[in-house]
Amino acid sequence: MAMAGVFSYESSEVDWCEDNYRHSENVVEYFNTMSSFIFFVVSPIMLYLFHPYARERNLAVHLVWLMMIFVGLFSMYFHMTLSYVGQMLDEISILSSFCWMVLLITVVTTLSSFIKPTANAYALNCFAIHILCTDQRVLRLARVSISLWVLAISCWISDRFGCSFWQKLNFCYLHGMWHILIVVATAYGSTLIAYLDANYEIPYSLPDLRYWPHDNWALGLPYIVLKGTTKTRKSC
Ligand SMILES: [Zn+2]
């Protein structure tokens, strides 16, 4: 492939179920491009909601949602052009945000076993399971997180491999739905990890779960609040 060719429209071998150029002559997959806007809506809100926890724990926490903004940018570019470069950027950003998640979890668990040698894997697991099993709000958060992940991945697989079926029904929006679901699933999943981490690492901050924009709404973005004051903070 020539150097200029990798940027040209439809130079990628990947093409999603949505009809190309159906709604715009400049945008190859209109709904897949537009649904990527969700990344720019949810990421700043989550950065804002996570700030008290990140400030108390580690500002590196913000990397998760900063990465998500880039994932959104690359996703929009890819679906707009279906270019080879767009596909690479989209896949690299998904892969690298996955690596970051794994790295973050590894660092957190390794550090905690160094800082508190007694906190071996056994204690860590028991603690997490203990919270999950006793607190109904956390249990609900875990259930919704897993359901959203399963639903998001089902949409992706269905669009990829069941396209002829969905085209007969004239419903080719499943990849767009995957964009929306994966962003919300990440919000739920990252809040669950943050809550378990805060309970274990900074228990003096009295972490609690809330939903944005309103706590009583069944659907909303979850986040953690720290109810403890800095006065109760450990000095060591
Ligand atoms: Zn996509």
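Glycine residues also receive a Cβ, built from the backbone N, Cα and C atoms like all the rest.
Per TrEMBL, the candidate among His62, His79 that belongs to the Zn(2+) site alongside His175, His179 is His79. The stretches the transmembrane segment (30-50) and the transmembrane segment (177-196) are in mutual contact, each linked to the other by at least three Cβ pairs under 8 Å (pairs 6 or more apart in sequence). A Cβ distance under 8 Å defines the sequence-distant neighbours of the transmembrane segment (138-157), meaning residues of its chain 6+ beyond its ends; these are 131-132, 174-175, 177-178, 181-182, 184-185, 188-189, 191-192, 195-196, 209, 222. According to DSSP, Glu29 (Ca(2+) binding site) sits in a coil region rather than a helix or strand. Residues 32, 35-36, 38-39, 42-43, 46, 50, 53, 61, 64-65, 68, 75, 105, 128, 131, 138, 141-142, 144-145, 148-149, 151-153, 155-156, 159, 207, 209, 221-224 of the same chain lie 6+ residues outside the transmembrane segment (177-196) yet bring a C-beta within less than 8 angstroms of a C-beta in it.
With the fewest other C-beta atoms within 10 Å around its C-beta, Asp15 stands out among the binding-site residues Asp15, Glu18, Glu29. Around the Cβ of His175 (Zn(2+) binding site), the same chain contributes Trp16, Cys17, Glu18, Glu29, Asn32, Ser35, Cys155, Trp156, Asp159, each under 8 angstroms and 6 or more positions distant in sequence.
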